[in-house]
Every structure is written in structure tokens, then in C-alpha cells.
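Here is the structure we will look at.
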Amino acid sequence: MLGSIPDLLRLVAVPVFGWAAYRDVKTRRVPNRTWTPLAALAVVLLLWDAYTVWTGPTAVGQRLFLIRVAISLGFVIPLSYGFWLIGGFGGADAKAFMLIAVLFPIYPVYYLPMPSVALPLQQTAIGVFSLTVLSNTVLAGVVYPLAVAAGNLARGRFSLAMFIGRPVAVPDVTEEYGRLLESPDGFDRGGLDLDALRMYLQWRGCSLADIRADPAQRRLPTSLPAVPNDPGDGSLATDGGDSASGDVAEPSANDIGADGMDHPDQIDDPWGAERFLDDIDHSAYGTSPQQLRDGLDVLVEQDEVWISPGIPFLVPMFAGLVVSLTYGDVLFSLLQAVGLA
């Protein structure tokens, strides 16, 4: 396969995004250092292309290049940042899309060892490659709930949550990523975030098994420790986080109850949810006191719950990048097929 040196160097992104997608599935966390070398490479290659085009023979090519780069940088980057601000993207997802906007503003070209065949096969009229990656990522993401539903159907699992989740035994919940799809009132897409659950358990120094063993006592604010633990970030212990399954500092008998006496107004705070969220110096992934209370109520009553692992967005992004580099723009092809492009 042949191409320009900048386009060949851009292929370094494929294994990097593949590794990031794997990390997203396994840990839901991608280190910031993953993107730094690739971002530096992206800037260098963009300047390289700009110099090549600017010293080229035609002004038309220069204008097209500038327009496409302007769309990529001026639309995809703000869009990614906006989705991150409203919670639609995680931090790693937003950084990855911003990187795509700089690394792939225009279509790369890779010539195969066959006459007149070059990848990507299907290009768009606008010619902004980062938009192609974005649209292919969205299409790949649409497949996810269909695959989840098919898996649940094959296992005989029927529920309102079957398109976005799967059932998990409650004792195993703290070893999962995602959020509960249940509240005391039934199906609820806005259930408790499991990272926030791990933070809460770490903060109060007990395991979910301890909570389930004596829910009536643990629900009382007087059962909270006077000196809570650092809640951490809710990551699993195998990913470098603090364990939320019992390997934490249990409060002593002298610690329990003292704070409840000092804060009589907290008596109407089941599970100490408000105190937990007031005590930590950062957000517990947007969790409200009521979400935490409802989630704990479900977890002490049920033996199995439905959870949504969420879409590890770097996975469809990696798939979208690979499809974009080989086939091209799937959405554009579909629109052409129905006469809309």
C-alpha cells in the first residue's frame, strides 16, 4: 500500500485507537498520556500538508484545503467539547474526537497494488474526513443496542432494559462498570452510577455485603464514620483504584454514631447520602442524594439487578475509524442509494 508520507504516518492512529478501545472496555479509563504523542504528530502532519498544498500549483487546491481544515477544526472540535460539557461524551471520547479533527481533516489516500484502486473507496463531496469518522462512529454505535438485545433474547432475558443492559447478581455489582437500570419504582434509565457506588462504599469504609447484611442499621446516619475515608474515583481495584468490596478501613465503634449526634439535622438523610456528597470535594459522576438512596434501596432488596454497562464510545470510534480508512463514508453511500446525495 502506497501513499504520501503524512498519510502513511497517520496510520499510527489505528493501533493507538485500538488500544484505547480495549482500555475503554476493560477499565473505562484511558490515560491522558495516550493522546499526547499522537496530538503532536497530528499538528506536525497538518503543518506538513499545509506547506505542501500552499506551495502547490493551483489556488483552487489551496482554498479547498483551507475550507476543509476550517470545517474539521471549527466544527468537530467545538462539537466534541460541547458534548463533553453536557455529559454526552467522556473526557477520553472528547479528546479522541478532537484529535481526529486535527489528524484527519481531509481524506487520506492509500493506493492498493491493483490498477486504479485507492482507499478509502467512498468519499464525500465535502471531503472532510473527520466528519466521515464521526458519522461512521454514530452508525457503529447504533448497532450496540441491537447486539445487546439479541444477546438477551438468546438467553431468554425479557425486560424493558433488554436493549441497553443485562442482569447481574447484586454481590457482583461492585465489580462492574455502568449504572443501575432500576429504582424502587421499577425500570429507570437514570439509576445509580456504579463508580459513585464504589466511591460511597470506600468513603464510609464498608462493603456492599456489609450494607446488605444489616440495611436497617446502615441506613441510619448515626452509622456513618466520624472520619470517613477518601472516596477515590470509583475505579476498580484492578485498574489502580481502591477496592469497594471490603478491603477498606472499617470505622471503629468509637467512630460510629458520633457524627450523627453532632448533626441532628442529618437524621432525615437515609444512608448519609447528602453528607457523602457534601463531604467529597468533587462530583460523584453527577449522582444526586436521591439517586444514591434509591440505588442502595434496590441493592439491599434485590438479588439480581439490571445494569447498563453504557457504550464504551471509543469502541465504535475505533470501528468508525477503520471503516472510514477502508470503505469510506457509509452514511454518504446510504444517502446516495436512496437518491438524497
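The backbone N, Cα and C atoms fix where each Cβ goes, and this holds for glycine too.
Topological domains recorded in Swiss-Prot put Val25 on the other membrane side from Gly56. Contact between the transmembrane segment (2-24) and the transmembrane segment (313-324) is present: at least three CB pairs lie under 8 Å, with pairs separated by 6 or more positions in sequence. For the topological domain 'Cytoplasmic' (325-341), same-chain residues at least 6 beyond its ends with a Cβ under 8 Å from one of its own Cβ atoms are 11, 14, 108, 110, 119-125, 132, 135-136, 139.
Cα spacing between Asp24 (site 'Essential for catalysis') and Asp93 (site 'Essential for catalysis'): 10 Å, rounded to the nearest whole number. Segment contact is absent for the transmembrane segment (313-324) and the transmembrane segment (65-86), given fewer than three CB pairs below 8 angstroms at sequence separation of 6 or more.
On the 0 to 100 pLDDT scale, the topological domain 'Cytoplasmic' (104-126) averages 92 in the predicted structure.
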